[in-house]
Amino acid sequence: MFIDSVKITLASGDGGKGAVSFRREKHVPLGGPDGGDGGNGGDIIFVCDNNTHTLVNFKGKRELRAQNGAGGMGRNKNGKKGENLELIVPEGTQVIDAQTNEILLDLTKEGQRELFLKGGKGGLGNTHFKHATNQRPDYAQPGIKGESRLVRLELKLIADVGLVGFPNVGKSTLISVVSNAKPEIANYEFTTLTPKLGLVDVDEYNSFVMADIPGIIEGASGGKGLGLAFLKHIERTSFLLFVLDPMRQMPLKEQFIVLRKELEKFSNELFGRKFGIMISKSDSVNLGEEFAEQITLNINELENYLKEINNPQSFLIKVSSLEKTGLKELKFMLLEEIKTLRNNK
């Protein structure tokens, strides 16, 4: 199950209370204080792990707490520190204050560890309060309470390439043939209901991560279709690949314009992201000479429009995932773009 947003209360452990204790030995009837200190409460720590791809482990949990520190004991024995609670999250997880929407942590790198809530300090035992005018203090400190915070965990997938297109244009088929991802593929809209990540091996030494985002429809930036729930996943992709389908009733030019407008409404930064264009289902030209001519005119109209707006795309390529034509060229084109972006960071 893919879960990319949860609300939960997190709490670090309370400090253990200090002990009130006195030495009791056979020949020392009125021994001095020997109360040990309470142990510190456990911390809340976030750990980023790229073997985890969803927040499903947090689903249905209202609160998670680290262990409290143990109380101090006699003979100056200190209480044990409470165990830390380590929360394993995928790359791309943000920890957000649920009340102010402030981003508190942004976990983007494998192995990243972040202390989020410090456990409460253990109280001092009565040993610490002995002084000249009070040789037998009968009090100790309570432990300090741990911290508590209501947060929202939001997952934004991190990928090198994000596929952008209407539903059922061939994105899932593409990622299934170029990567190790195996999405559901069928001839109906919104087959992809959750984002999918796939590792694309270009050659023996080079690879990149591709994200198949559920199809975007006009009005997605306002919440239509699968809307905002998945547009956010494109935000963390370095390069966008628009997948346009010549078999749709909407011309290629119009598909491109609508998709770009939805990205612009959602995020100006996303609108300015580098991108390429892939014409999918290029095998559809086999449906007859007249249909092939229509597709050629459709592509020419798109190319003329791109010239009018000064060719903002990095490339335009025709691909057939079914016949596996253009795939090798596409992978190398994407790799070159990704290498350039990585070098410019």
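Cβ atoms here come from the backbone N, Cα and C positions, even for glycine.
Record features, source Swiss-Prot:
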- 165-172, 190-194, 212-215, 280-283, 320-322: GTP binding site (BINDING)
- S172, T192: Mg(2+) binding site (BINDING)
- 1-158: domain 'Obg' (DOMAIN)
- 159-339: domain 'OBG-type G' (DOMAIN)
Secondary structure of S320 (GTP binding site) (DSSP, helix/strand/coil): strand
Among K171, K281 [binding-site residues], residue with fewest other Cβ within 10 Å: K281
DSSP-derived structure type at K171 (GTP binding site), helix or strand or else coil: helix
For the binding-site residues N168, S172, S320, the one whose C-beta sees the most other C-beta atoms within 10 angstroms: S172
S320 (GTP binding site) to S172 (Mg(2+) binding site) - Cα separation in whole Å: 13
